[in-house]
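J.: Pulled from Swiss-Prot, these are the listed features:
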DISULFID  CYS25-CYS36  disulfide bond
DISULFID  CYS53-CYS142  disulfide bond
DISULFID  CYS119-CYS134  disulfide bond
DOMAIN    32-143  domain 'C-type lectin'
SIGNAL    1-23  signal peptide
Amino acid sequence: MGRFIFVSFGLLVVFLSLSGTGADCPSDWSSYEGHCYRVFQQQMNWADAEKFCTQQRKESHLVSFESSEEVDFVVSKTFPILKENFVWIGLSNVWNGCRLQWSDGTELKYNAWSAESECIASKTTDNQWWSMDCSKTYPFVCKLIV
């Protein structure tokens, strides 16, 4: 009986130490502030990248940003591995006429505009957002709510 309690306590300690460390994210995804992020190096147009993100996991879309700290985290993941200067982010007016919104439906609270257009790419070297032709192909970042 004592051994069972010891093993059970050990498993509880391991479980508690893993909670909040990214253990809730799928493998190959990075955790930040209750969300998971993954950089995909393959190049797609905006619509295909958004579709690809939604097919990865339920509640996954092209990345949306709520703060400059979140942008800095994503840049820290994208800049070291990408050779491209731009990545698609989830901001566009594809789904909602002229009103820009994130592909996951959230409203635009934080922005870092360089220009305005249908589909927005983030420049990996200076964190600015650029309007791009939606048919151009770039790597992209998916964001998953956990």
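The backbone N, Cα and C atoms fix where each Cβ goes, and this holds for glycine too.
Show me how these features fit into the structure around them.
T.: According to its DSSP assignment, CYS25 (disulfide bond) is coil.
DSSP assigns CYS53 (disulfide bond) to a helix in the three-state reduction. In this view, CYS53 (disulfide bond) is surrounded by 25 other Cβ atoms within 10 Å of its Cβ, with every protein chain counted.
When secondary structure is read from DSSP and collapsed to three states, CYS134 (disulfide bond) falls in the coil class.
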J.: Of the disulfide-bonded residues CYS53, CYS119, CYS134, CYS142, which one sits closest to CYS25 (disulfide bond) when you measure Cα to Cα?
T.: CYS142
J.: Could you round the CA separation between CYS53 (disulfide bond) and CYS134 (disulfide bond) to a whole angstrom and send it over?
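T.: That separation, Cα to Cα, works out to 16 Å.
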